[in-house]
Amino acid sequence: MSVMADNSTNNGSHQVVLNVNSDASKKCDSDNQDCVPLLQKLVAEVVGTYFLIFAGCGSVVVNLDKEKVITQPGISIVWGLTVMVLVYSVGHISGAHFNPAVTIAHASTKRFPLKQVPAYVIAQVVGSTLASGTLRLIFNGRNDHFVGTLPAGSNLQSFVVEFIITFYLMFVISGVATDNRAIGELAGLAVGSTVLLNVMFTGPISGASMNPARSLGPAIVHNEYKGIWIYLVSPTLGAVAGTWVYNFIRYTNKPVREITKSASFLKEVVGTYFLIFAGCCSVVVNLDNEKVVTLPGISIVWGLTVMVLAYSLGHISGAHFNPAVTLAHASTKRFPLKEVPAYIVAQVLGSTLASGTLRLIFSGKNDHFAGTQPAGSDLQAFVVEFIITFYLMFVISGVATDNRAIGELAGLAVGSTVLLNVMFAGPITGASMNPARSLGPAIVHHEYRGIWIYLVSPNLGAIAGTWAYNFIRYTDKPVREITKSASFLKGVEVK
């Protein structure tokens, strides 16, 4: 399954996950990863990959052995949390790759020594094979407990899905672990969350490998190689493409305010694409596989996708991915009005491309429409969309525009808001909160019933939300200097 970069370039002061190797100083110290002997790195890769495969595949085995007691969301959580924990525990030693696709991708951009690639890949495959063998011994070698990855549909479908999700994974890794403008301390959280949500919505399609070693280990132990070429080739190509695309639109290490408009436009297209692809795919898979993802699972996918994209792209484009957010920021002069049309075009384009991709993958079945439509009356849907988008924009204004807030946790707060909104409002309106999220699927499926609700209500709600926050915010004064009336109003708003 995945993940971290062995950062051989300057990564600013973010030393929790990746350590700095300054070109100006070759002095070895306890914080310099390049000074760790290769043997120690290889041992860390073997042990890390072993625990990744043992935990992840173990959850699959237990789910098969105990009448699906863990469930698809549970399996996804195991994979994601395992990745996160391992990144934080050995990332400073080996880079916490645990994945040949990640190692090769970093080598392709000269962020990892090419001569060490074979050793890393062997270590990762050894770790995966040992873990798979351990599981087979524990569960008495039953073939029905094969925990490898096999295509659920056509080979082409699985190939495309594996390419996209590994591209997404490597794109996130590049954003949070190799860009010194990102919050490096949260890299493990972002990468683990990416793995979690990818397993959640593509596990029932391809097994959500994203990792040649993850697929090869069980295949070797069980002597089952059906479709193995997909999991050796597609993730590798996806990872290389993901890191190169990020590098292409990254341009430089300049601060956000100096980044070119074209880079921001491309980031909005790519970010919105992944948001809609992941979120809507979870809806489609839930419809296609007897609600295996479940509503909580769908909510988790939407929320974690927003959080991950905020941390991986927020330092470049602001991570809007939503015309309502862009318009709201422009209404309070926190975003240039003249750039609004370009952002909205980028967001709608990304949503439409993602919706088209999903329709192609799922053979264009109309019963898999993942757009938003009112479950009740138009008025009910309009009011609900207004309220939840008001709430979303109120939170964004509080955590991302107020310098008294803990800015490092903004992605977590905004992603959590999306998650809970989808959880309780999804069955009522689809919980759009985003005109682009609704318009993209509508364009692809030519299904426009109630579309006006999702174009108007979220925009009004977002503008009202940011103005309400600004009204009770007063100033940027420290908390102790805020007027009593403002504190009173904030208490009323929370209630």
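Numbers run from 1 along the shown chain.
Glycine too: its Cβ is placed from the backbone N, Cα and C atoms.
It should be emphasised that the depicted structure is a prediction, and the values quoted were computed from it without experimental measurement.
Sequence annotations record features per position, and here TrEMBL assigns transmembrane segment to 42-62, 74-96, 117-139, 159-177, 189-208, 228-249, 270-287, 293-313, 340-362, 382-400, 412-431, 451-472.
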Touch test for the transmembrane segment (189-208) and the transmembrane segment (451-472), at least 3 Cβ pairs under 8 Å: no
Paired segments the transmembrane segment (117-139) and the transmembrane segment (42-62) in contact, 3+ CB pairs under 8 A: yes
Closest-packing stretch to the transmembrane segment (412-431), where packing means Cβ pairs under 8 Å, from 42-62, 159-177, 293-313, 382-400, 451-472: 293-313
Proximity of the transmembrane segment (159-177) to the transmembrane segment (293-313), 3+ C-beta pairs under 8 angstroms: yes
Residue numbers, six or more beyond the limits of the transmembrane segment (451-472), whose CB comes under 8 Å of its CB atoms: 322-325, 327-329, 331-332, 372, 374, 378, 381-383, 385-394, 396-398, 402, 429-430, 432-435, 437-439, 442, 486, 489-490, 493
